[in-house]
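Colleague: Pulled these from TrEMBL:
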- A:12-33: transmembrane segment (TRANSMEM)
- A:149-169: transmembrane segment (TRANSMEM)
- A:181-199: transmembrane segment (TRANSMEM)
- A:211-230: transmembrane segment (TRANSMEM)
- A:242-258: transmembrane segment (TRANSMEM)
- A:264-285: transmembrane segment (TRANSMEM)
- A:305-325: transmembrane segment (TRANSMEM)
- A:331-354: transmembrane segment (TRANSMEM)
- A:366-391: transmembrane segment (TRANSMEM)
Amino acid sequence: MSEQSQPTRPPLIRLLLVLLPLAAMLASFVWIASLDPLRSFNNGAPPVEVLTVERTILDEAGIQVLVRAGGSEAMNVAQVAVDDAYWSFTQDPAGPIARGDTVWLRIPYPWVLGEAHRVAMVSNTGTVFEHEIAVAVPTPKGSAGQMRLQALVGAIVGLLPVALGLMFYPAMRGLGRQGMNVLLALTVGLLAFLLIDMTGEALELSADAAALFQGAAMVWLAALASFLLLMAIGRWRGQPEGLALSFYIALGIGLHNFGEGLAIGGAFAAGSAGLGTFLVLGFALHNVTEGIGIAAPILRIRPPLWSFAALTLLAGGPAVLGMWAGSLAYAPQWSALALAVGAGAILQVIVEVSSYLMRQNLDRQAVLLSPAVLGGFLGGIAFMYVTAALIKV
Amino acid sequence: MPADTAPSVDPSRRALLVGGLVAAGGAAIAAGSARSQSAPDTMAGHDMSAMKPDPYAAPMPGMAHGDMTTVGLVDHARNGFDPTPMLTDWDTGTTEFLPDGRTLRTFEVDAIDKEIEIAPGIFFPAWTFNGRVPGPALRAKEGERLKIIFRNYGSHPHSMHFHGIHSARMDGVPGAGLIGPGEEFIYEFDAKPFGCHLYHCHALPLKRHMHKGMYGLFVIDPDPARQTDPALAAAAASRALGSPENANWQEMAMVMNAFDTNFDGANEIYAANTIGQAYMNVPIRIEKSRPVRIYLLNVTEFDPINSFHLHANFFDYYDTGTTLTPTQRTVDLIMQCQAQRGILEFSFAEHEDGMYMFHAHQSEFTELGWVGMFDVRGPEA
């Protein structure tokens, strides 16, 4: 086969060739919209109405919900009932809610601390959209004290375990080939657990988002895009290893912690707080392996001291940011997106750490199924699974 | 802060730490499953900084329980019926004398599909009799010959099934007066027994035809001439619409109904006479020196019973209205199952002027719209 030589066209002709189909598209849309040839399909059915609650705020002024309309036409919230009682409410901004738009519904309802409430929004066609407030607690506000408290939580959940894990660094130095293999495999195992956990959580969250965000597709595509982008960036100058690989692991874990922080902040705002120290310790234990994983690729080199601080901040710091963002501006679709991006990043580090592990050994592929590597991998997964049992409720 | 087992630490630092740990605990559980909820833990401090955790303790502007209300007003003109005039809007048809001297009373009723606003901003695709829900409150007198000309302008087969005494041919069930769209049927029977009755469409599925709005009161006044006991004759006379004895009474027609706007087998709006909270927005004016009589009917679908409770007063109740002496005396609450009906008689003559509430005493029905006020005042006020 030889290269087909196309006769080159003048630029003006090319432009016209592009404009022609565009003009045809525009004309056909105008024709369809103006003549409405599909009107015979109109069978008198009421418009499809969809209303998704994205945020709930409980405070001294009552209950406020942020709702997003997603029906086939603009829709109206005619009445609001809380616990089967029609209640006065204001809508901000008022009027019909266009598809994709959000409004606040403010209901001066005397909610009861620690109890459940059910908000029912009735549209003008009589369709009812129910929203459950499972445990009513005051929504945290963006005060300095509140932000500090959340930063502390984020630090305990994100920074502390990573720092603790990195403190194993001196002890891990001097490990032999087998020890390194176990450690790297352990890292891949814990990352694999995080990948599965995050993907599941992202999909679950995305199911709560308005349909127009196409939850599942958004999660898979965002994860794929972040994976491909990070792979491309990572391999800009050869395959990453050493400190660079550690930073990629820290970035992946950081994105994971950001997504987790979002979910935590959101759940905190939604009122599912109320636990003991035991679970906090469980959480710290669960995340300690993250620090060990980050340290694994730099055991053979002597990185500068600042890099440990930087790795800790990169991996753990996003938890704090996530907490703030999640509690102040929680929405299921954004949390799902953040988790999906994190999942892609985790997948990238799984690939890179595995490839690093193979390069470290002469027998390449065969090492993957060696007892040390398989044991480390399964051990990592098992450790994460068991410690996760402490924090799943 | 909850009591803690930690040894003595600088109290302020400890408070911060425990608060943080509690918060982190919440965070941790949430991280596992962001939307799974846990029961409130007594250990947890619910530390929300300076927030007042109990809304009752906090100043809540505009948050009095008086906010239990629908928002806005129904456009009665667009509906074509208004719940206030509807209370006293009796359809007495047209009368003529038969050769034997009896009265022939003729009613005309059309079945019409119509979208109605049942609460502010909420529209319901109703099936109606004469364009209103409930249908016209038909009123006749015991012993009259009745002729009801029924035309079906709706999109489905309909009928009028009267609760009364009549022949099988006139029963309004399939094969006996159930007619298709565009058809006409004339029901004929004698008005008996006297009482507070109803009619409704008996097309199948019955539940759907009922709750779409096809029902109405059918009141047969007693004929005083048929009573031998003077006291009962007087009672009958007071119930005979148009008689001098009846003129002093403040009579009203109330149909307890409800609407399942999303067709899930449970009602979204409850009301007396269709419009949720109509008599809260426009209280019913009662002249306190004159006695009150309510013809009450329950046609609520899906819920087995409904009820009527009068505040700050008691009433006599005539179940089904077929007696001239009360079946229940001095009660402030009566129950009605589906299609049960009766007559309530009471007086506010000895009361202070004021707003007196009435509602179903199923709190759920009350708060979903079935509640109203009597505005009781003297004639001079």
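Placed from the backbone N, Cα and C atoms, the Cβ positions cover glycine too.
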Colleague: Under 8 Å, at least 3 Cβ pairs, sequence separation 6 or more: does that hold for the transmembrane segment (A:149-169) versus the transmembrane segment (A:366-391)?
Modeller: no
Colleague: Go through the chain and flag residues at least 6 beyond the ends of the transmembrane segment (A:366-391) whose CB is under 8 A from any CB in it; none is fine as an answer.
Modeller: 178, 181-194, 197, 278-279, 281-283, 285-286, 289, 354, 357-358
Colleague: Do any residues of this chain, six or more beyond the ends of the transmembrane segment (A:211-230), have a C-beta under 8 angstroms from a C-beta of it, and if so which?
Modeller: 50, 52, 70, 99-100, 199, 202-203, 205, 248, 251-252, 255, 333, 336-337, 339-345, 347-348
Colleague: Taking the transmembrane segment (A:331-354) as the reference, which of A:181-199, A:242-258, A:305-325 gives the largest number of Cβ pairs under 8 angstroms?
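Modeller: When the Cβ pairs under 8 Å are tallied, A:242-258 comes out ahead.
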Colleague: How about long-range neighbours of the transmembrane segment (A:181-199): same chain, 6 or more residues beyond its ends, C-beta under 8 Å?
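Modeller: Contacts of the transmembrane segment (A:181-199) (Cβ under 8 Å, skipping residues fewer than 6 from its ends): 172, 175, 219, 223, 249, 252-253, 256, 259, 289-290, 292-293, 296-297, 299, 339-340, 342-343, 346-347, 349-350, 353-354, 356-357, 360-361, 367, 370, 372-385, 388.
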